[in-house]
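Data first, discussion second: the structure below is written as structure tokens.
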Amino acid sequence: MTRFREGFVDVNRVRLYHRVAGEGAPTKLICLHGGPGGSCDYLSPLLKLSERGGVEVLLYDQFGCGRSSDPPNDSCYTVEYGVEEVEGIRRSLYGDEKVFLLGHSYGGLLAIAYALKYQRNLRGLIVSSGLSSVPLTVKEMRRLINELPEQTRRVIEKYEATGEFTHPEYLRAVDDFYRKHLLRLPEMPPDVAKTMEYLQKRRVYTIMNGPNEFTITGTIHDWDQTSRLGEIKVPTLITVGKYDEVTPTVAEVIHRGIPNSTLKVFENSSHMAMWEETEKYLATIIDFITHVG
């Protein structure tokens with residue numbers, strides 16, 4: 001297990017839990033977890049990057065997530081508030097230093113939003129199974145649902161029509177989708193399970209996202225910055241799993257939109273390539289950071 005230091009930092013009236021590995025290394029990498037409303041636990045494989053090529057890796061729980069405190073009020077549950085939090089933690093820990101920013105899933109959306117406002121503070125951007133459009137992503141997830149066995153589809157349709165998102169039969173059908181498109185491993189790693197536990201305990205996911213991955217009714221439901229991707233000029237790496245719930249089609253849209261970008265598809269992964277193809281994933285990230293320099 002990679003050694004790391006953990007602690008708290010106050011940013012925008014929120015006490016943020018964070019972990020740092022490779023402290024003092026010349027290259028800084030800030031990693032943004034998904035959800036919205038997860039925790040940084042499941043990103044633990046990224047700490048290994050500190051052992052390869054002089055990288056200091058920072059993971060943190062976003063506002064209202066994991067071990068971090070809630071924001072001042074419910075009006076803060078927005079992407080915009082998240083962007084200012086990323087900038088706040090960068091400034092608090094690294095001052096004027098430029099950093100690499102990696103965002104996974106919703107964290108990829110947040111990383112794109114950050115780059116659109118603060119790319120002057122970035123050396124490079126990594127969008128990992130991320131998205132520039134929530135409506136497109138939901139459309140793609142619905143396509144994946146239509147490819148599920150008929151019985152599973154009918155169960156999902158039945159309970160979505162009645163709004164019974166917590167019915168055991170519905171939850172089993174959702175799990176079938178997740179096993180194909182969220183994490184294709186026989187057992188859920190403990191760090192992933194920890195994140196899922198926080199996701200259910202805290203309010204952020206329900207407020208910002210909705211009842212599940214493909215029924216997005218929260219504050220981010222209409223978020224779409226695809227038309228602005230061309231404004232991002234920093235070197236960008238986009239990664240996606242072949243079986244990803246945030247599909248390769250979504251990744252292609254981002255790749256086409258950002259001029260100075262590279263796309264990497266992991267052939268044996270769904271949404272969590274850092275667990276499904278750990279070595280290939282880490283090598284891809286390090287190669288990008290080394291190349292950008």
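Here the Cβ of each residue, glycine as well, is placed from N, Cα and C on the backbone.
Note that the structure is predicted; figures quoted are calculated from it, not measured.
The following features are taken from TrEMBL:
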{"type": "DOMAIN", "residues": "29-277", "note": "domain 'AB hydrolase-1'"}
{"type": "ACT_SITE", "residues": "S105", "note": "active site, nucleophile"}
{"type": "ACT_SITE", "residues": "D244", "note": "active site"}
{"type": "ACT_SITE", "residues": "H271", "note": "active site, proton donor"}
*Taking the Cβ of the residue listed as 'active site' as reference, which residues of that chain separated by at least 6 in sequence fall under 8 Å from it?*
S129, H181, A251, S269, S270, H271
_Cβ packing number for H271 (active site, proton donor), 10 Å threshold_ = 25
*Summarise the model confidence on the domain 'AB hydrolase-1' (29-277) as a single mean pLDDT, whole number.*
97
*Coarse DSSP state, helix versus strand versus coil, of the residue listed as 'active site, nucleophile'*: coil
*What three-state class does DSSP give the residue listed as 'active site'?*
coil
*Please work out the number of neighbouring Cβ atoms within 10 Å of the Cβ of S105 (active site, nucleophile), leaving out its own Cβ.*
27
_Secondary structure at the residue listed as 'active site, proton donor', reduced by DSSP to three states_ = coil
